[in-house]
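Chemist: Starting off with a structure, shown below.
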Amino acid sequence: MKLLISLLWSIFFSIVYSEKTLLNFKHYELCNGIYSKSESGGSLNPAIYVNWTEPWGQEDEVEVLIFNWKEIRKLGAFRSDDQFTYICDYDAVYTDHLCEADQLGLYLWNSTSAKSIRSYIIPTNADPQNIIYEISQSGYYCIWSHSKKMLPYQALVNWQNAYGGLPASQFPRMPISGGITIAYSVILALWMFFRFQYKHSIVTVQKAIMFLLIFSCAQQAVTSIVLDTENLRNRGNFTWLGETLVSILFACQLVLDLALLLILSWGYTRYSTNMRDRLFTEAKIPLIICFFALFVVRFFAITIQSIHLGLWFCFFFLTACISALYILFGAFVALPSTLRALVEQRYYTLHSIYKIFRIMVLCGVVTIFSFSLVALIFCSNTNNNSTNKLWKIRWYFLDGWIDGVHLTYLITLSSLWRPSQENPDLDPTGLSYPVLDPRLEEELDLLEEDIRADKSK
């Protein structure tokens, strides 16, 4: 219990730390993407707000530098010994002649050619003036701060986009989540149309697929509602509860996918106690690990405001991918014996479906493995140079692709097992059930003992 509490506390601390909305003498650099009004639309004026919170009254000056990362090369200068510096110090003034004496302790930057760079010098011996930096062009903006006397200071930074309060890293999720909800609704409507036509011959697999379609449609609808609420209102208790609910539904959805895929690969097309026992015996632990890891991955991805998610996200993402690949590999290994059993018992319609199903499982293994490598590269890379180019699509390569894989998976299953006149051929009885029947195993053991006894005589 203590270990679990420590783990949960570490996760919470990582989330709070990764938010990085406080600017102070320890975290003197903040970077984030922000959209312009012309690109994202909306009624608000996009801007970066820096509101000072630390008590003042000390003799000091704090310089705040805000700029678009594209102009990073216009900051700093080389010394005479080829060392690069961003701050005007005594050597920069009297030895290298890079700045004037009245610029001591300030940032070095090219004020003649810079377009987005703004410098704000805040005296701390009085009530400091809050900073408003207006955004006219979408980009990856950074805030650098520096105290001349290295005294403590603190400010709260708000990255205000024109469309609302949703962070720029989460903005693409909102329309795409709504689009996926519509896609699930269309698939579900078509499925219900075929189901109504052949309602008297619906088999168990088709009922499971219909449940997954309804569950996925509801999950995406809840995600859209939570994101829209967070965009219209400030973050509060409802937002945290909504993000937790979205993460739980997301993890449940994918665990149900993996469980159904594994059950079908074993050849079970209807519920039985043998199927349940086999699932609990062979896949219970991987499914539980996958559920917890997927919950944390989605919760981190939609909760953390910063572009950089941290090492905890990488750890849980890797755990989720490994457990999912383990289950998929087990399904792929079990499929050849299922295909042979289908041929032996002359279930040719189901055999043709399972051949396509095997290709789908193999494609799932390759897709998850490939996207996992790309996501880990994105997650572990905290270089601002690369983030500046990829901050708009970074969300997709981290965890957004999982929704696309799930949508493709459900479309394929719905197409293969769609209700039709061949419904009875899609649910053979006795295909794999006797394999793990304990009574049959006892009879086989007794038969083997009798054979050994006869041979010994």
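Easy rule for this one: first residue shown is 1, then count along the chain.
Using N, Cα and C of the backbone, Cβ positions are placed for all residues, glycine too.
Annotations per Swiss-Prot:
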| type | residues | note |
| --- | --- | --- |
| SIGNAL | 1-18 | signal peptide |
| TOPO_DOM | 19-173 | topological domain 'Lumenal' |
| TRANSMEM | 174-194 | transmembrane segment |
| TOPO_DOM | 195-207 | topological domain 'Cytoplasmic' |
| TRANSMEM | 208-228 | transmembrane segment |
| TOPO_DOM | 229-243 | topological domain 'Lumenal' |
| TRANSMEM | 244-264 | transmembrane segment |
| TOPO_DOM | 265-284 | topological domain 'Cytoplasmic' |
| TRANSMEM | 285-305 | transmembrane segment |
| TOPO_DOM | 306-314 | topological domain 'Lumenal' |
| TRANSMEM | 315-335 | transmembrane segment |
| TOPO_DOM | 336-358 | topological domain 'Cytoplasmic' |
| TRANSMEM | 359-379 | transmembrane segment |
| TOPO_DOM | 380-457 | topological domain 'Lumenal' |
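Mind running through what each feature is packed against?
Modeler: In the predicted model, the topological domain 'Lumenal' (19-173) has a mean pLDDT of 86.
Long-range Cβ contacts of the transmembrane segment (174-194) within its own chain (Cβ-Cβ under 8 Å, at least 6 residues beyond either end) map to 166, 209-210, 213-214, 216-217, 220-221, 223-224, 227-228, 231, 400, 403, 407, 410-411, 414, 418-420.
Sequence-distant contacts of the topological domain 'Cytoplasmic' (195-207) (same chain, six or more residues past either end, CB-CB distance under 8 Å): 264, 269-271, 417-421, 423-424, 426-427.
Long-range neighbours of the transmembrane segment (285-305) within the same chain, counting only residues 6 or more positions beyond its ends whose Cβ lies under 8 Å from a Cβ of the stretch, are 11, 15, 18-21, 32, 159, 167, 169-170, 173, 227, 240, 243-244, 246-248, 250-252, 254-255, 258-259, 312-313, 316-317, 319-320, 323-324, 326-327, 395, 398-399.
Within its own chain, the transmembrane segment (315-335) has Cβ neighbours under 8 Å at 254, 258, 261-262, 264-266, 282-283, 286-287, 289-290, 293-294, 296-297, 300, 354, 357-358, 361-362, 364-365, 368-369, 372, 375-376, 379, 398-399, counting only residues six or more beyond its boundaries.
Per-class residue totals from DSSP over the topological domain 'Cytoplasmic' (336-358), listed helix then strand then coil: 20 helix, 0 strand, 3 coil.
Proximity of distant same-chain residues to the transmembrane segment (359-379), defined by a Cβ-Cβ separation under 8 Å and at least 6 residues beyond the stretch ends, is recorded for 261, 265, 309, 313-314, 317-318, 321, 324-325, 328-329, 331-332, 335, 390, 394, 397-399, 401, 405, 409, 412.
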Chemist: If you run through the topological domain 'Cytoplasmic' (195-207) with DSSP, how many residues end up as helix, strand and coil?
Modeler: 10 helix, 0 strand, 3 coil
